[in-house]
Amino acid sequence: MESSKWLATVASIWIQCTSGSSYAFGIYSPGLKSSQDYDQSTLDSIAVFKDIGANAGLISGLLYTAVTVRPRSSSSSSSSSAASSSSWISRVGGPWVVITAGAIQCFTGYFFMWLAVTGIIPRPPVPLMCLFMFFAAHAQTFFNTANVVTAVQNFPDYSGTIVGIMKVL
């Protein structure tokens with residue numbers, strides 16, 4: 001059990017290191033601006049949706065709670081089967097469901113932005129590009145939720161330290 005906690009921590013650190021693409025907005029925003037013929041005000045609007053998406057984590061928290069139900073000890077057999085199914089969800093899915101949802105959302109947002117920047121699809125209206133950016137950045141909340149909450153559950157005596165490690169990355 002101890003080694004799986006450390007394996008989860010190492011995996012979480014790698015996920016955190018590779019999921020900060022919205023922090024690189026300054027690197028790819030000139031390409032977005034020139035390919036879509038945006039002025040700075042329009043680019044700023046897209047950046048606002050990036051910031052909102054990256055910081056609105058309610059849905060990821062609700063999903064995490066839904067898929068990581070902790071089984072309760074009970075003496076009745078009907079509750080026992082419910083607990084075993086909850087345990088199955090936690091073992092098979094748990095945080096990985098949340099990370100997968102985030103990965104799908106991240107891919108979808110950035111893929112449609114890439115399609116627009118490369119000219120594969122016609123230039124989308126600005127509100128649609130804002131939605132693409134929101135989806136891409138909102139995925140970070142899924143990664144953060146799964147990684148930080150799992151780490152705190154794995155190391156409850158060092159919760160402040162583990163949050164610091166996860167969020168510094």
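Even glycines carry a Cβ here, placed using N, Cα and C.
What TrEMBL records for this protein:
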type	residues	note
DOMAIN	5-66	domain 'Nodulin-like'
DOMAIN	86-167	domain 'Nodulin-like'
TRANSMEM	96-116	transmembrane segment
TRANSMEM	128-149	transmembrane segment
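Across the domain 'Nodulin-like' (86-167), the prediction's mean pLDDT works out to 89.
Residue counts for the domain 'Nodulin-like' (86-167) under DSSP (helix as H, G, I; strand as E, B; rest coil) come to 71 helix, 0 strand, 11 coil.
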